[in-house]
Amino acid sequence: MKCFLFPLGDKKDEQRSPKPVSPTSNFSDVNKSGSDFSPRDVSGTSTVSSTGRNSNTSMSARENNLREFTIGDLKSATRNFSRSGMIGEGGFGCVFWGTIKNLEDPSKKIEVAVKQLGKRGLQGHKEWVTEVNFLGVVEHSNLVKLLGHCAEDDERGIQRLLVYEYMPNQSVEFHLSPRSPTVLTWDLRLRIAQDAARGLTYLHEEMDFQIIFRDFKSSNILLDENWTAKLSDFGLARLGPSPGSSHVSTDVVGTMGYAAPEYIQTGRLTSKSDVWGYGVFIYELITGRRPLDRNKPKGEQKLLEWVRPYLSDTRRFRLIVDPRLEGKYMIKSVQKLAVVANLCLTRNAKARPKMSEVLEMVTKIVEASSPGNGGKKPQLVPLKSQETSRVEEGKNKKVLDGAEGGWLEKLWNPKNVRAC
């Protein structure tokens with residue numbers, strides 16, 4: 001799944017920032033490159049979020065407890081960035097497994113993931129600064145924790161690194177792919193949907209400033225040792241709109257298949273863009289398919305276009321459910337989750353629900369599907385061992401409670417939805 005960036009010409013309502021100041025004392029040489037998200041950008045301006053609260057001042061007032069590492073520290077932690085310890089690689093650079101001392105108990109070590117950003121000039125620097133600024137001041141059980149950072153000159157030039165908590169169970173994308181030796185059970189998929197909704201709700205609505213993720217996708221949802229899902233990779237995140245503005249205008253960046261249609265067409269970014277991406281992700285969980293897969297037959301390459309004909313007939317609806325589940329799910333649970341996806345995929349961005357409303361709907365589905373389990377996280381099933389305008393709360397509840405033939409299609413009018 002490739003990322004994209006296309007400029008949209010002159011963006012007159014783009015928020016402008018003063019020249020940045022390095023987040024680390026030894027990174028002054030890079031300041032000339034500029035960034036929208038440096039600490040001075042946060043503290044030296046007075047923009048206010050769409051909720052009417054002072055976004056940047058609120059961010060700067062939050063305590064930043066990030067550790068500052070040296071290149072030497074991280075070489076030691078990763079065995080000199082050993083290829084055998086590489087756990088991820090992409091356009092951003094490479095990610096290595098490592099260990100660092102536990103500050104609370106120096107006799108113990110903790111596992112970490114060290115992201116070494118590639119040399120992509122200004123864009124790479126901006127993404128590094130964005131992650132430091134955002135993840136340095138936010139904390140939530142469904143966001144991957146940033147532990148520290150490093151920005152330092154060595155013989156190869158300026159090195160930019162980020163140190164995260166280690167997520168041993170990889171990404172949701174991996175477990176939905178044929179590469180995975182295990183299958184995410186339906187109950188676990190529901191929990192992942194709930195965890196992801198919690199993370200987005202926190203970013204959009206639970207702070208005194210709003211963060212728009214902008215690159216919500218299954219590969220950016222990681223799983224910890226308890227299979228709790230956490231959002232990761234905030235390099236493309238943006239602050240929400242300032243007062244009097246309905247959106248943030250910006251270059252269109254993200255991942256093909258997840259980006260909201262109005263964002264692609266106009267470059268106007270709102271939190272409802274993330275809601276669209278969440279709807280696409282729900283259909284990934286249901287079908288086990290990627291949003292855009294060129295290896296599929298022509299009529300099946302775009303996920304949203306492929307599922308559309310099956311939504312008008314509840315008997316045929318089963319045909320889009322991930323066959324690796326082998327029928328081990330309650331069909332009404334799947335159908336109700338599809339209703340949530342359809343609400344998120346409403347063509348009119350203003351009519352999409354807020355993430356807090358989405359979270360409430362998904363939570364009800366989880367509770368109905370897993371009664372009496374004591375809140376325990378469902379487990380994986382090894383593949384080889386398997387046997388076989390704004391939506392109102394009242395309307396959302398009615399939609400979820402009614403599951404008769406044709407309702408799926410009625411909620412998602414094919415004329416109003418276009419696959420990206």
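Glycine residues also receive a Cβ, built from the backbone N, Cα and C atoms like all the rest.
The ATP binding site feature in Swiss-Prot is assigned to I87, G88, E89, G90, G91, F92, G93, C94, V95, K115; the stated evidence is sequence analysis. Cβ neighbours within 10 Å of I87 (ATP binding site), excluding its own Cβ and spanning all shown chains: 15.
Annotation comment: Swiss-Prot describes 22-36 as compositional bias 'Polar residues'.
As annotated by Swiss-Prot, compositional bias 'Low complexity' applies to 42-58.
The compositional bias 'Basic and acidic residues' annotation in Swiss-Prot covers 387-396.
In the three-state DSSP scheme, T70 (phosphothreonine) falls into the coil class. Positions annotated as phosphothreonine by Swiss-Prot: T70 (among others).
Annotation comment: Swiss-Prot describes S219 (among others) as phosphoserine, evidence class similarity to another entry. Every protein chain considered, the tally of other Cβ atoms within 10 Å of the Cβ of S219 (phosphoserine) stands at 20.
Residues or ranges marked as phosphoserine by Swiss-Prot on the basis of similarity to another entry: S249 (among others).
According to its DSSP assignment, T250 (phosphothreonine) is coil. Feature annotation from Swiss-Prot assigns phosphothreonine to T250 (among others).
For T255 (phosphothreonine), the number of other Cβ atoms no farther than 10 Å from its own Cβ, over all displayed protein chains, is 23. Under the three-state DSSP scheme, T255 (phosphothreonine) falls in the strand class. What Swiss-Prot records for T255 (among others) is phosphothreonine.
Taken from Swiss-Prot, the feature region 'Disordered' covers 1-64 (among others).
Summarising the annotation, Swiss-Prot assigns region 'Disordered' to 369-396 (among others).
In this structure the C-alpha atoms belonging to G93 (ATP binding site) and S219 (phosphoserine) are separated by 15 Å. According to its DSSP assignment, S219 (phosphoserine) is helical.
Counting only the Cα atoms, the space from S219 (phosphoserine) to I87 (ATP binding site) is about 13 angstrom. Between the candidate recorded positions, T70, E89, G93, the densest Cβ environment within 10 Å is the one around G93.
Neighbours of T250 (phosphothreonine), defined as other CB atoms within 10 A of its CB across all chains, total 21. Cβ neighbour count for V95 (ATP binding site) (all protein chains, 10 Å cutoff from its Cβ): 20.
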